[in-house]
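Structure first, then comments.
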Amino acid sequence: MHSVGKSWLLLTGFVVFYVIYLLFGALVFSSIERPVEEQLRRDMERLKEEFLNQSCVNAASLELFLNKVLAANKYGVSVLRNSSGRSNWDLASSMFFANTLVTTVGYGHPTPLSDAGKAFSIVYALMGVPFTMLVLTACVQRVMHPLVLAPVSLLQRSGLKPRPATIVHFLLLVIVVVLCFFVAPAAIFSGVEVSWTFLDGIYFCFISLCTIGLGDFVPAARPGQPYRVLYQIAVMVYLFLGLMMMYLLLRTFHKMADMHGLTTLLQLPRCEDSVLDDDTEPMVDNDPTPPRLKDKAASKPLDPGSQPSYNSINKG
């Protein structure tokens with residue numbers, strides 16, 4: 001089959017599978033969540049009737065009051081007694097909001113109240129999102145060698161062939177990321193946030209590090225949160241490091257897919273075709289030169305044609 005026709009056939013297959021996947025998700029979510037929603041709706045109606053029967057407030061006034069309360073709550077303003085006196089726009093909270101904005105996590109709590117704030121959010125994100133991606137990319141490039149290339153080379157020296165070495169390394173990297181950026185933080189969040197369970201913590205970590213940011217769980221939003229400023233700073237650091245490690249996982253998987261021929265099979269761009277020249281170092285190392293000699297050689301100017309490439313990888 002002609003390469004162009006094969007490419008369009010693969011694209012059509014991807015789109016069809018994507019639509020089927022969405023329909024599958026819709027069916028599962030509907031079957032799980034709809035009964036819970038209906039039960040909650042009945043509970044709220046019953047609570048509303050009980051309140052109206054025990055007070056002199058009419059239904060219209062109650063609904064008007066509730067609409068205003070819910071609208072304010074959407075912007076992070078609560079009428080509860082234990083929520084008063086704390087601003088959502090002090091310096092630490094504003095920095096936390098800016099962090100969720102430029103990392104595209106966007107919890108939606110709080111959100112800008114004024115038109116000026118909404119306009120500035122657009123301009124700020126327009127410059128901040130690409131810059132954040134640039135910083136994350138630069139950080140990932142710096143840790144590719146100690147966290148990916150060097151461990152794979154070490155596995156090769158231990159007797160593994162290049163392809164099995166990349167698989168073993170990727171699985172180990174996934175385990176480390178899951179333990180350090182999902183399990184451990186979830187345990188911490190479930191201890192700090194009184195109303196969160198361990199599953200809530202895992203859910204929050206996944207939603208955040210995938211930049212989905214549904215906003216149903218927001219750290220440091222509890223009234224009277226002790227050490228709230230330090231807590232928010234710690235969460236910002238966690239988000240940045242977590243996003244960096246998720247990006248590292250994706251880059252490592254992409255490199256592994258290149259080596260195993262998966263990108264060629266699916267006619268997808270190779271990892272080296274979409275990154276800067278600084279990150280085109282082979283994932284496997286067939287050069288027996290000692291590290292000290294490599295460091296000395298690295299300080300010398302290189303001919304452009306001698307730059308390492310995936311084309312030179314031994315895929316044995």
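Backbone N, Cα and C define each Cβ position, glycine as well.
Record features, source TrEMBL:
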COMPBIAS  306-316  compositional bias 'Polar residues'
DOMAIN    78-143  domain 'Potassium channel'
DOMAIN    178-256  domain 'Potassium channel'
CARBOHYD  Asn82  N-linked glycosylation site
REGION    277-316  region 'Disordered'
TRANSMEM  6-30  transmembrane segment
TRANSMEM  122-144  transmembrane segment
TRANSMEM  164-189  transmembrane segment
TRANSMEM  201-218  transmembrane segment
TRANSMEM  230-250  transmembrane segment
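Taken through DSSP, the domain 'Potassium channel' (178-256) splits into 56 helix, 0 strand, 23 coil. Here the listed stretches are 6-30, 164-189, 201-218, and the one with the most C-beta pairs under 8 angstroms to the transmembrane segment (230-250) is 164-189. Within the domain 'Potassium channel' (78-143), the DSSP-based counts of helix, strand and coil residues read 44 helix, 0 strand, 22 coil.
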